[in-house]
Ligand SMILES: Nc1ncnc2c1ncn2[C@@H]1O[C@H](COP(=O)(O)OP(=O)(O)OP(=O)(O)O)[C@@H](O)[C@H]1O
């Protein structure tokens, strides 16, 4: 073994090692790590804002950050027994903490020197131990990484002391578990974040729940794709304060199985594993914060899934690593010791394999290694503290512990940020929001109906009261006329009596008359009485008539005034009701729009969530797609088509619930976010062949084309062009697009677009149009070919592939037209200057580009009229190459046929002495 050397590990990069025969090399599978920028002292790169991994949004790719397993060695002070027994002997180790070195004595004159990341003497405080061993790991966990802190060493050397001391009577004695939770609780906000804890022990290859000992056969779940390890059967207790955590540790400790051994009366015979899950919401992404005032349209505008970071801290207190013969174990404890040694030796083997970059790491040999799979060579940040005692009697164990630590230092982990969108909580919140909106709508509806009922009751009461008043007034009027009539009759009768009287006195005054005069006067009297009766009767009739007429007039008058009053009241009431109705209608429409938006967004999110989970399942990078791409991929991919019944059901549900017209109307929404969402949904729908006709019939194609013109938003351009490209796969739609000036709009979009994906969609749409025989001349006349060629400026292979496809389509149709005699003269592609680009890209390394260009060249070469230009443009060489080297036999044959059948090509080939 080497005994000297000044190598050091700093900042997670390895500079050398004393104890390694061959120089250490970084694992080959970790090559993607940036080496030029400094890493933080804790060995993990921090960005300028101090956050680990530098990510504030969702993870952009799957690459992690390299982090070597960091190893500290801690020496326990001599205990009472050692002070007596070893009094005449020096410690077996000598520590040089300032050099981070440890010397292991071989004998009085020779020692081996080892270097560690930290060397902690017997005087090191618990606080310092926490700060150098665990604090950086805890910080990583708070930043969304997984982290492991582990103690390894011979029994009785201080593993539990280092990790598990509760320090209730003496706070300075608090161990790593307690201090870690203090730091976590201090850093998080309990309103938005959460901590949950599991506490397990692994004893004789059985995992037992220390918080629920009856639960003693917990299985380990390993995600084959991500390597993440979980124990779904374990109790998970939410922690909200330090006291409850201490209580939980105490309960766990009480259950921890401890067997006495000769070496340590409280020796822990099981491995204890504490798992702390920290879930933090990334600030500014919580939709509930945006909706306190109930303003749902504001919520829709800013609706984004909340982002959460999930870090997991695993603290492992391994059982003692002593040799069986020394521990004095027998019987049952011998089995224990064997089992402990088996799992620890399996751990040692894995670490050796990882340290040596061996292709096979025997993780499956024990439950311990399966549980710690993520901590060595995985995605967690790992810190190991190896504990040793000073006694020379245990030099062998101390040496083996030191070697274990040295090997562990060579293990590289690839730290990965565990950040994800919390779709579930967003969906839950949206559901609640939706419920609230529906409830609010129902409440308003109810209030409206109540108001209508109240108004009609009030109107009814008013009418009854008016009727009553009218009847009273009528009665009064009748009584008044009756009285007047009686009085006038009475007056007339009095008058008549007076007349009769005055007539009688006149007769007495003038003496008795003769008979004839008597007869005369009798006759006169009779006729006067008759006259009076007639007059009376007349008067009576007159009075009755007048009374009836007056009644009629009064009646009419009151009717008129009543009618006027009712009309006035009715008019205001009607106006009021009408206004309320209009308000209600508006409110209803708004709510319907918002509900439709929420539903479309939910659908969009579920597409994205499906895509994300599919990607997770496939082990690919977790990238949030813009909906369109993801759905297009889903719809086009045949295997997904089979399993895509859910997506189809979602689309059908969308049609059913929201209605196409509603979705299309949202394309013209004032709110830009709503427009973007709507166009994404239409694009998703357009990717499904069965929906295309409905979309076109409902005016969706026109709206999408209009969006290219009216919108300035690049996302809208990209997604709308994608949708148009999908619709342009159908011949009828191609004609419609052309008829609606689509080529101009696509050309205009292409001219202004910067984003390669927008250009890809536009080029894809034009490429589809290029394949329609009937549209050739019009398409070229309106600048379609030029627009296509203009897009090659972007240089992105996806765009170039679409351009090449368009040119191949165009050349094929043109060639067909020439063969049928519909077209004559040189190719319009050559006229529009496409040849140089075609020749330049004929042997492009990207096969989709190359294949289309090769086809285009063969189509052009079939017509003698193009031959001269093709020769001068260098296309002949490419044709010869295609004929010889093209991987597709049909294209090779086509090239051969064109070259042999063209006299111009033949002559040139002869001139160049090219024989084939
Ligand atoms: N750094 C230290 N300072 C003072 N006392 C210590 C220190 N480390 C350990 N001890 C004491 O040594 C004894 C054994 O420690 P501990 O139980 O932590 O060992 P262990 O490695 O966990 O043993 P086992 O593997 O059997 O569980 C305890 O009494 C503990 O208080």
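Glycine is no exception: its Cβ is also placed from the backbone N, Cα and C atoms.
Taking TrEMBL as the reference, the stretch among 434-491, 666-723, 724-781, 782-839 described by the feature coiled coil is residues 434-491. Annotation for residue 153 (ATP binding site): spatial neighbours 159, 318, 320, 321, 386, 387, 388, 401, criterion Cβ-Cβ under 8 Å with sequence separation of six or more. Residue 157 (ATP binding site) carries neither a helix nor a strand DSSP state and counts as coil.
Across all of the coiled coil (434-491), the predicted model scores a mean pLDDT of 86. Contacts of residue 157 (ATP binding site) defined by a Cβ separation under 8 A and a same-chain sequence distance of 6+ are given as 76, 320, 387, 388, 389, 401, in order along the sequence.
Only residues 6 or more beyond the boundaries of the repeat 'ARM' (699-742), in the same chain, are considered here, and those with a CB under 8 A from a CB of the stretch are 626-629, 632, 660, 664, 667-668, 672, 675-676, 679-680, 682-683, 686-687, 692, 748-749, 753-755, 757-758, 761-762, 764-765, 768-769, 772, 774-775, 778-779, 782.
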